[in-house]
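Asks: The structure is given below, and queries will be raised subsequently.
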């Protein structure tokens, strides 16, 4: 199997784009995990909700930027409500109970989505920057890819600022380190948990709205994306922001290059390739790529 | 938070959750069969229909379900079949093999239907053919895969044209253009795999070489990796076998990555969904299709024109939407069953014989001539080549 440089570049680009998307979803997993030790299996539904809300808001005639911000806001409120209604009432329950509750929440949200939007796939959202693909040397870049990468990078930067430079971010990180100690120094842990849910839902929604122009949004689009995001979070080491980014990009590149390097019959197994690589890494290093730091935390 | 308040929340969540489950469940169920307007003079003839009404093959199942309901209504308004009202019990497969089998078992064992039409997909059909062989109940599938009727199964028929006829038509179309190297890309469903097998068999016989055979999962949302591989070959055309949205994403990604060679689809893209999803990339796409979607462009003397016109106009009147090929398959299937009932009455074995001996039945998919060796009854003449121009289907030649 020989690859030309143009093809290789193309695989890298599409891997990078999807990888950055997985990274954003993985960051959402991390936020909630850090605040509560819970893996939120409803994360994928936030992606679906984001994409479908943005479609509907555009359909009722809102300008594109307003619709995008509006969709993220709606889903952020949904995340807030999910914490209020599903997680807070059983505060103090074991982590495994909470995880099962998030599975329930995901089924509930999917039900609501099919109820509101039906089960058909929709035509893609209007592109943010319409026009033909741009040439990057021998490869072609869809204009939406540039937006996706840009928004993802900006989001990561803002998250980093929030975590490192603000008091709020420091309080959230304190909760992640040690909830009881955080409480003792006067941090409202409940509020931090609520915040992490809202923020995490917002991140999921963001992934949904930026990908809406390149996919056919439908009720279960978030299931696979959520799973990939989860795999990325695990791959990088659950709870480590840099790990989520590394894991996401690795996963994206792996599935794209996997199709490229395997013979043609392998192209139908794109998802299997990604998950096999994740499993292989975990066999060698069960804590994930950056997992050693996790133990030192 | 007090204990009582906490409990209140839990109860609220429980109720909401239950509501969601009930709602989704209600949403997934096919609508109840229409009740006959007056108490029937005779026992109703009960038949089953299994379609992918929800899920990712719903673009096939919904028109099929609509058509079955529309035709049942018109048959019953005209006095039923030999005085017996027709009752069609509709089940949803969600495009899933297991659910399809459960639905088929329910229809056969609980409802004791006389015959079943559907399912929508080749995969779901293959998952249940053995049930019909052992229970000795006629099944008329609305799925295209040739493996449904080859080898011939005593009790299993199908109305859609076969993949092989579509491939024959495609070769007839490509050959005069001196295209000898093609890339294929197909989905991993029964339909995609069946098509791929025919392509691999027939293209070399037609003097064409397959330079690359790619696949994609039917849930895939991005095909740039596969398209990049095609870009690296010297293919002169791409043949894509699948049902929307997959092929629409393939052609969109092709144009986005600057792959300009012709895109030839299968008859699986003969519905509006393909054009909606592919947008402007759909223009120039060529595919084989039954005459239904271009009935108004057919010459006046075409033997199918009257049937097609009537079905298309009735469908438009009843649902305010364009009729499409898939609904047409259900129309053909239900017509075959009702003709068999008319001649044979409620006798499954006699019905089967009637269906097998049907000659010159003008349906929406073509002119059917069944025989003990041919349970599809169509030839490649059932297909015409259609090009999408400015988002509209245009008859070629």
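Here the Cβ of each residue, glycine as well, is placed from N, Cα and C on the backbone.
Sharing the record's features from TrEMBL:
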TRANSMEM  A:12-34  transmembrane segment
TRANSMEM  A:46-75  transmembrane segment
TRANSMEM  A:95-117  transmembrane segment
TRANSMEM  A:145-163  transmembrane segment
TRANSMEM  A:194-215  transmembrane segment
TRANSMEM  A:227-253  transmembrane segment
TRANSMEM  A:273-292  transmembrane segment
Asks: Looking at the transmembrane segment (A:145-163) and the transmembrane segment (A:46-75), are there 3+ C-beta pairs under 8 A, with each pair at least 6 apart in sequence?
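Replies: No, the transmembrane segment (A:145-163) does not contact the transmembrane segment (A:46-75).
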Asks: Same chain, outside the transmembrane segment (A:273-292) by at least 6, Cβ under 8 Å from its Cβ: which residues?
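Replies: The answer is 228, 231, 234-238, 240, 242-243, 246-247, 250-251, 254-255, 258-259, 262, 266.
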Asks: Verify whether three or more Cβ pairs under 8 angstroms connect the transmembrane segment (A:46-75) with the transmembrane segment (A:227-253), leaving out any pair fewer than 6 apart in sequence.
Replies: no
